[in-house]
Structures are given as C-alpha cells and as structure tokens.
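Residues or ranges marked as (6S)-5-formyl-5,6,7,8-tetrahydrofolate binding site in Swiss-Prot: Arg30, Glu92, Arg132, Lys465. Annotated domain 'TrmE-type G' per Swiss-Prot: 227-388, in sequence order. For 237-242, 256-262, 281-284, 342-345, the entry in Swiss-Prot reads GTP binding site, with the evidence type sequence analysis. Feature annotation from Swiss-Prot assigns K(+) binding site to Asn237, Thr256, Leu258, Thr261. The Mg(2+) binding site annotation in Swiss-Prot covers Ser241, Thr262.
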Amino acid sequence: MMSSPIPHQQTIAAVATAVAPGQGGIAVVRLSGPAAEVVGRSVVSIPGQQLWVSHRVLYGHVMDESGKERIDEVLVLLMKGPRSFTGEDVVEIHCHGGLMAVQRVLERVLAQPHVRRALPGEFSQRAVLNGRLDLTQAEAISELVAARSRRAAQLAMTGVDGGIQRRITSLRERLLDQLSELEARVDFEEDLPPLDAAELLLELQCVRRELEQLVEDAKRGDVLRQGLQVALVGRPNVGKSSLLNRLSRRERAIVTDLPGTTRDVLESEIVLEGVPITLVDTAGIRATKDALEQLGIDRSHQALAAADVAVLVFDLSLGWTADDAALLAQIPDDLPRLLVGNKADLQPASMTASLSNEVDGKTVDVMLSALTGQGEEALIEAVLKTCGASEAQGLVVALNQRQQDLAATAAIALARTQEAAAQKLPWDFWTIDLRQAISSLGEITGEEITEAVLDRIFSRFCIGK
C-alpha cells in the first residue's frame, strides 16, 4: 500500500454528518483534495487576525456569491495532508444542523471550481489508497457507524484499532515464510539442506485451522451486526401483543380481550444482551372470512418465512389445542422455534409443570406471564441460546462477509496444498495454492486488490464517509 498521498485531479465534498429536518445542532461539510484550502478560504469569511494554520479551529461565516449575505455562522478546520483522515488536504466546515443551513453551505462549496460531490465512501477510499487506513479499518469504521448495539460497536472498534489487520497480516506473513522456503527449493534445491516437509505442513495446518476458526467466529459475529428477527406467532388472543409490549417496554400493540385485534404485522426493535433484535408481532393466524384480517395473516406468513426464530405462543389457561398444533405444523422444519406458554399467572404451578407432556410430545421451552413478567428472563435466555447469539458475546474480532469469504478461500487453498503434499507432487505444485491463500489474505487487508474491487466495496458506504 502507498504511504504518500496519491494525487487526485478533483477535490470532493459532502456532508459528513447525518442530516434530517429539524434534527442535530451541528453538521459538518467535509472537503478533501488539492483545492480544499483554496475553496475553504473562498467560501468562509474569517474576521480579525485569525490565520489559516493546519489543525487550528477558526471562526467565521459562509458568505453567498455576492459576499454580502451570511449563509451561516461556522467553525472551520484545515488539516493539511498527510496529517488528515484521507491523507490529503482536508477542510471541515462545522455549521448549524437541520436541513437548510447545511444544504446551502454544501451548495456554496460545490459551486467552486474543481470541486464535485463525493461518491459514497470516497473519503474512506482515498484514506485507504493513501495508506492512512488499511481496508479492514475502513470497513470497520462503516460498521461502527451502522452499529445497532453497544456490543456491535465494541466489536467494530476492534477493527478500527487494527485488530483484524494485525491478525490477518500475521497469518499472511507465516504463509509467506513457508512460500519462501518452497520457492528456494524449487530454484536452488541442490544448494540447500533438505526441507522439513512435516514441519512446513504442520504450520500450514495451524494457519488453516486459525482461518477456519475466524470464519466460524464471524458467523456468530453476524448476529451482533445484523441482529435477529424473532416472530411471535400464535392463535388470536394468546398474548402475543402483550408479550411484545412487555419485552419492548412500551405500548406498541393494542391489547384487548377481543380476538383478532392485531390485524397487521407490528415490529419493535430492542437490544437483548448486546444483540439487536426485531420483534415481529404477527396477526393471529386462523381461518377467517374478514378480508382485512386475512391480509394481516398473509403478512404473518411472510414474516415467519423471514424470521431467525419463531416463538409460538399458546394460552396456558386453555391448554394445547388443535389450532396450536396446526400452527406448529406451519413453521418450517429448518426454522428454530420455541414453544412458549403464556398466562402462567392464571395457572397453579402444578398444572404448568405438567404441561410439558401435553404438547404433542414436545417440551414447552418457557412458561411465562406477559402481564406480570414472570418467566421473561427465561425467554430472553432461550431466544439467544436458540439463535447462537450467546456464543457471540466473547468474540474479540469478527470478519464481515467479504472478509469471511476470502478467509474461507484461503483455507480451501491451504487444504489443496496439503493434498498436493499427500500426493507427493513436486514443490512447485505446492506453491500454486499457497500463493492463492496469500493473495486472498492480502485482499482482506487491501494489500492485493484492484481499484475496481475497491470501488465496489466503498460504493456500499454512506456518502460523507
């Protein structure tokens, strides 16, 4: 990777903070490129004896083209390259938030010569190309911005701090050491002592196992990044909406004794033990002639198909019914499910204890009361355990999907290297797949990657990052 700034013909600009009408006291317009300082000086009027010095905050006003109207009162910060996020000259204009002020400031900036609107992720892409970040750090910044829980943010910060880069670079260097041993034998075998093939293969096996473990850990980490969708299903009036309100701690669904009150799919986002969870309260599934209720039931089936786990709620006061059994049969076999008996507060403890033998031979996972909260913690624990989310809590690093795919490719290439050794093929056959493994790991950190691939990666980032 390059350590000095790559010259770019154009200076780019974008709003680097979230913008919503009436929200946010401060917004930041960011510029990066050779004309950043010139543009900053052109659009911001600095009173008094303040000097444009790198990494010093100045006070001023963004003026309109005539120089007579003040668009906004701002603070402006110049960061000369390479001591900036992108490695280029960067100017940040800190203006008032909301919508109109920041929009007018950005329009004023974009009206200057040699400035264009930044593409999604272009600031981060320039930081990578200029050696200010490696690719895993840039991706981790994007994940930090998108984090939906404290635990996901902590995991992303490990990547921002270089945790993934150090782990992958270490594995890659170990493979490079083994490749150099093999290539030396290919070219100068007669001049070197015999290669300890067993030791080399043992090292390759160790690296392969570490890569496979990283991939396995990453799958658990996906739960923290993407969250889980939990579908609450059951007959009408078994307490699904009450359970949703209990878990989300706010009144999201209308709760009455009238069957069929929920006629659509309701959602509530919560965080349980660091895992973002979307609770989906489905309309009670039953045979109905009501067209509106049937529409809600159809959407319930769609929500069930998209869920990570189904929580089938039934009424303990009525016991397990044929309708409950019919609903259970509609849950896909490959979808994890929990059987939850609600209204435990209405039943004697002896009766609820015996129900585990009454559900078609299937054990009731949790017995609770959505009204009193009895059994709530047991349900949370069961949901996290069923989805494998509990195992994600101790993760130190977690690769994203792109990184997972490349790590898996590297592990497969190492397996092929081991097969070549088992077949007693010449050294140069060993090196083919070993180079593939090294190249795949280089793609993870950005050391071996094309600009076209970078464009595709950063196009998924938000504008201004």
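Note that Cβ sites are derived from N, Cα and C of the backbone, with glycine treated the same way.
Structure coloured by features recorded in Swiss-Prot.
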{"residue": "Arg30", "record": "(6S)-5-formyl-5,6,7,8-tetrahydrofolate binding site", "Cβ neighbours (10 Å)": "24"}
{"residue": "Glu92", "record": "(6S)-5-formyl-5,6,7,8-tetrahydrofolate binding site", "Cβ neighbours (10 Å)": "21"}
{"residue": "Arg132", "record": "(6S)-5-formyl-5,6,7,8-tetrahydrofolate binding site", "Cβ neighbours (10 Å)": "23"}
{"residue": "Asn237", "record": "GTP binding site", "Cβ neighbours (10 Å)": "19"}
{"residue": "Lys240", "record": "GTP binding site", "Cβ neighbours (10 Å)": "30"}
{"residue": "Ser241", "record": "Mg(2+) binding site", "Cβ neighbours (10 Å)": "25"}
{"residue": "Lys343", "record": "GTP binding site", "Cβ neighbours (10 Å)": "22"}
{"residue": "Lys465", "record": "(6S)-5-formyl-5,6,7,8-tetrahydrofolate binding site", "Cβ neighbours (10 Å)": "21"}
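The two recorded residues, Lys343 (GTP binding site) and Ser241 (Mg(2+) binding site), have Cα atoms 13 Å apart.
With Arg30, Glu92, Arg132, Lys465 listed as the residues that bind (6S)-5-formyl-5,6,7,8-tetrahydrofolate, the site has a largest C-alpha separation of 18 Å. For the pair Lys240 (GTP binding site) and Lys465 ((6S)-5-formyl-5,6,7,8-tetrahydrofolate binding site), the C-alpha distance works out to 41 angstrom. Between the CA atoms of Arg30 ((6S)-5-formyl-5,6,7,8-tetrahydrofolate binding site) and Asn237 (GTP binding site) there is a gap of 53 Å, rounded to the nearest whole number. Annotated (6S)-5-formyl-5,6,7,8-tetrahydrofolate site Arg30, Glu92, Arg132, Lys465; additional same-chain residues within 8 Å of its Cβ mean position, judged by their own Cβ, are Ala16, Ser32, Ser84, Phe85, Thr86, Val90, Phe123, Ser124, Ala127, Gly464.
Between Arg132 ((6S)-5-formyl-5,6,7,8-tetrahydrofolate binding site) and Asn237 (GTP binding site), the C-alpha separation comes to 58 Å. Across the fold, the C-alpha of Lys465 ((6S)-5-formyl-5,6,7,8-tetrahydrofolate binding site) and the C-alpha of Ser241 (Mg(2+) binding site) stand 39 Å from each other. Cα of Ser241 (Mg(2+) binding site) to Cα of Glu92 ((6S)-5-formyl-5,6,7,8-tetrahydrofolate binding site): a distance of 48 Å.
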